[in-house]
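According to TrEMBL, the transmembrane segment annotation covers 6-25, 32-53, 73-91, 103-124, 162-182, 191-208, 214-233, 245-264, 346-366, 378-401, 407-426.
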C-alpha cells in the first residue's frame, strides 16, 4: 500500500470515528446541543484534513509525514474525555436554570459594556485603515497581519492598554452572560443590547488586525453558547436568534473572505488550497509530531502566566517561545489542536492525567450539586460552558486559553467559585426570593 493510500484510509477512519460518535450521541438524546455542534465541527475538520493531506501544491506548508494509526486513536480518546461534561449534560438534560440571588452578574455585564465603549476610540481610528481598507486594498489584510507579527516581540511585558486587557479577559463571559440574560422571564433589555454590542466589538477587532483566527474563535464561542442555552430559551427567541445569526454570519463572512484573498490570493496554489490547509492541518500535525515533538515546553504555552510567577525564564510571547524551544519539530506556528498543545507542553502521559483529573472534577461538581427539580445551577452551567469552549475553540486550532488568555481562566474561576459559595451561603442563610 502506498503512503498516499494509507493517508487517505487513516483520514477516512478519523471521519468515520466522529460520524459514528455523532450518531451515538444523538441517539442518547435527539436534542442538538453544544456537544452535537462540536462533534459536527470535528467531522468538518477531519474532512478538510483528508482534502489537504496529499496536496503537494504548497510543499512549504503541506510537507507532512505519513500518518499512523495510534496518534489518531489518542487524539480521539482525549477529545472524548474533554467532551465528557457535555455528554453528561446531554444525557442528564435539565429544563431550566436555577437563578442566583446576586447582583454580581449585572455588575460584571456593566463592566464588560463600559470596557467595550472605552475601546471604541481605538476601533474608530482603525476603521478606515483597517476594516474599510480590506475592501479597497488587495494587500490590506496581509499588511495588517504582518504588522501584528512585527509587534509580537513587544507583547507580554508591560501593561499598556488596561481597557483592552479587561475586555479580552471578559470576552467569553460576555457571550455567556448575553445568553444567560436572554433566558430570564423579566429581561433587562439595556444589558442584553449592551452585551450584544460588546460581542460585535469582539468580532470586529480581529478583522482590523487581519486575523481570521480571532473571528473564527469568537464565532465558534457564540454558536456554542447559543446551543448550550438553547433549551432554556423560549421558542420565539430561538427563532429570532437563528434569523439574526444567519444574517450576521453572511455579513462577517465578507471581511473574513477579503482577508483570506488578501493574504493568499496572489499564491499560485489558489485560495481554496490554503483554506483546506488552514482548517485541516490540526489533525495532521498532531498525528505527525504531537506525541513525539523532540522535547517539551513544560507548560510554557498552556500555563504561561502561571509559570511566569515561579520561573523568570518563561517566554513573554510566542516569538521568545519559538526561540527557546527551537529544537521542537512543531511549536505554535502551526495548529495541532488543544490536545496537541497539552502533549507538547507536558508529554502524552501527563496530558492524559490532566484531562482525566479536570473532567472528573467537572462531573463530580455536577453530581454533587445535582438538584431535585430538573434545574441546573448557574455555576455548573458556567463550568460546562468553559469545557465546551475549550473543545469548540481548540478542535482545529490550539488551546485558546494559553498565554495572556490565562487571565480568562482566572476570571472564569473566580466567578465560578463566587457563584458556588454564594449559593452555599444562601442555602444556610436564605433570603426572600427575588423575581427573575
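Please read every residue number as a count from 1 along the shown chain.
Any Cβ shown, glycine's included, is placed from N, Cα and C.
Spatially, the transmembrane segment (245-264) is adjacent to the transmembrane segment (191-208); three or more Cβ-Cβ distances between them are under 8 Å for residues at least 6 apart in sequence.
Only pairs six or more apart in sequence are counted, and the transmembrane segment (378-401) with the transmembrane segment (6-25) gives fewer than three Cβ pairs under 8 Å, not enough to call it a contact. Segment contact is absent for the transmembrane segment (6-25) and the transmembrane segment (191-208), given fewer than three CB pairs below 8 angstroms at sequence separation of 6 or more. Using a cut-off of 8 Å between Cβ atoms, the transmembrane segment (214-233) and the transmembrane segment (73-91) share fewer than three residue pairs, counting only pairs 6 or more apart in sequence. Counting same-chain residues at least six beyond the ends of the transmembrane segment (191-208), those with a Cβ under 8 angstroms from any Cβ of the stretch are 106, 109-110, 112-113, 115-116, 119-120, 123, 126-127, 130-131, 134, 144, 167, 171, 174-175, 177-178, 181-182, 214-215, 218-219, 222, 252, 255-256, 259. Taking every listed stretch (103-124, 162-182, 346-366, 407-426) in turn, the largest tally of C-beta pairs under 8 A with the transmembrane segment (73-91) is reached by 346-366. Counting Cβ pairs under 8 Å to the transmembrane segment (407-426), the top-ranked stretch among 103-124, 162-182, 346-366 is 162-182. Below 8 angstroms of C-beta separation, residues 97, 105, 108-109, 111-112, 115-116, 118-119, 122, 188, 191-192, 195-196, 198-199, 201-202, 218, 221-222, 225-226, 228-229, 233, 237, 241, 378, 382, 385-386, 389, 404-405, 407-408, 410-412, 415 of the same chain, each at least six residues beyond the ends of the transmembrane segment (162-182), sit close to that stretch.
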